[in-house]
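Feature list (source: Swiss-Prot):
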DOMAIN    30-288  domain 'CoA carboxyltransferase N-terminal'
BINDING   34, 37, 53, 56  Zn(2+) binding site
ZN_FING   34-56  zinc finger
């Protein structure tokens, strides 16, 4: 009897896991973590704060359409060339699949959104790059869309504002992507020769071929705080010159101190600053 008792109690017990159907789950996208200080915030409140962290003031990437909404008069934006998409001119393996994946993820056709809008009643041409799409890299379509809106602004005598956010030229398009550096610069030269205003607004990050072309040749060059701006990477430069670079090298504040920017503007002051600049440089209409 006692032998049977101890034998039964020594047998391994089996447990059954019961799923809790009432388990509370946080809906996807309701919270956002700051990439710098790691603070978790309500996404809705963060969006209302223009994606600026409440804790550390870090300027989190702002999607193209959100930025356009933040700087324009309500319902004044008219988009150009919305359906234009990249082909695969070099038959680069996997390139088309990556483009389609980014299109689904971002609801964008390419890495830049262009069009016309008004700010305090002043009409202007605008292009806004979005680093979520192929890291904002500049390929044939990005260059073409930017050139088209610049040429439209030149023809209709409009000021032009461009927000850059890019990792540089798109490697999958090779020399075709590099050609966009010269192509966009030529369109900007015609715009400048017409006596029209070009405001370049550099956001994080603006690097490579974009920083070496249209992003750096504005009549007025602005940037957001702490934005990374440069051509080659920090490590590449240090290895090339065999010197240690300053800690704040390639930041917006460093460029401002060395005369390469006109002003570093907090995102909450972005709309007001642009409105003032557009009004100050507004073309005076001559009497007939």
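Count begins at 1; order follows the chain as displayed.
Just so you know, glycine gets a Cβ as well, placed from its N, Cα and C.
Remember, predicted model here, so these are calculated numbers, not experimental data.
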> Looking at the binding-site residues 53, 56, which one has the fewest other Cβ atoms within 10 Å of its own Cβ?
Replying inline: 56
> Per-residue pLDDT averaged over the zinc finger (34-56) comes to what?
Replying inline: 96
> What are the DSSP helix, strand and coil residue counts for the zinc finger (34-56)?
Replying inline: 6 helix, 4 strand, 13 coil
